[in-house]
Amino acid sequence: MGDVQMLMEMGFPKERAEYALKVTNNKGVEPAMEWLLAHVDEPIPQQPAVEEAPSTSNSEKVAGEAKSLKCDDCGKLCKDQGEVEFHAAKTGHSNFSESTEEKKPLTEEEKKQQLALIEEKLKQKRLEREERERQDALERERNRIKSGKDMSEARRRIEELEMKKIIEQRKREKAEEKAARERVKAQIEADKARRKASQTSPTAETPVASSSSVSSTTPTADASVKSPPKEYKETRIQVRLQDGSTLTETFNVNEQLSAVRVFIQMKTGNETPFGLMTTFPRKVFDCDDFEKPLSALGLVPSAVLIMTKVNV
């Protein structure tokens, strides 16, 4: 009922408004207005009307019969109760009374003005709909970009945490190595002081024996001063990737083989599982090997690792 009254308020006859809503399957005011504008001069099928038998009492009351309803607040004439309800909902007016004044149909000039107003409203509604669709598309695009940024930020934070773990582990290992070096240095100094004290002790009664003792102990001392095997603290690892390129990095010998794997993932961005192996001698590292230090795997002082595929 509201759609019919809205079309009537725009100047369309009630019969044409009802017929336009019917042929547009009651989809709303806008499709009905478009149909009415496209079929301005087209007649509509006449609906059979129920005839009422004229009575003497009705004919006598024609002269004084109420022909419309008038809004006492603004003076607007309404044809029937439906128009009254629509006007009341639209303006908030509530005072109406019967009137013998008949609501006149619109003139041709008024119809043209009404049609122009309707076309303007339709155009405005189309523009509003297009603007809503554009805003919705922009909002979807912003959400998509934000989601991509959030994923990138999460990946970056994970990489930073992994690198912080590696750096902290290296710092701990360096601190442990420094403490070990200090202990070894202190032990060497203590050994030197002990040997010096034993060598400078007086042996006046047997000077010859002392000299011979010194001469006899000299080769032994020379023999004990042999350079000990070099202890490597770092190792240089070269990794041959699957595309033929190489990566080179220096690691602490006490770092696990898993640190090399993390280094490869950080540099290549490869998140798929892969394995590592050596060729001379040939060895394919398994899951347990990744938890072992590089020194225990024989990858000191340098080594070449080859990146391999893992069958999942």
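Yeah, the Cβs are placed from backbone N, Cα and C, and that goes for glycine too.
TrEMBL annotations:
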COMPBIAS  100-192  compositional bias 'Basic and acidic residues'
COMPBIAS  200-225  compositional bias 'Low complexity'
DOMAIN    1-39  domain 'UBA'
DOMAIN    230-307  domain 'UBX'
REGION    44-66  region 'Disordered'
REGION    88-234  region 'Disordered'
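Secondary structure of the domain 'UBA' (1-39) per DSSP, as helix, strand and coil residue counts: 28 helix, 0 strand, 11 coil.
Assigned with DSSP, the residues of the compositional bias 'Basic and acidic residues' (100-192) fall into helix, strand and coil as follows: 85 helix, 0 strand, 8 coil. Helix, strand and coil counts from DSSP across the domain 'UBX' (230-307) read 15 helix, 31 strand, 32 coil.
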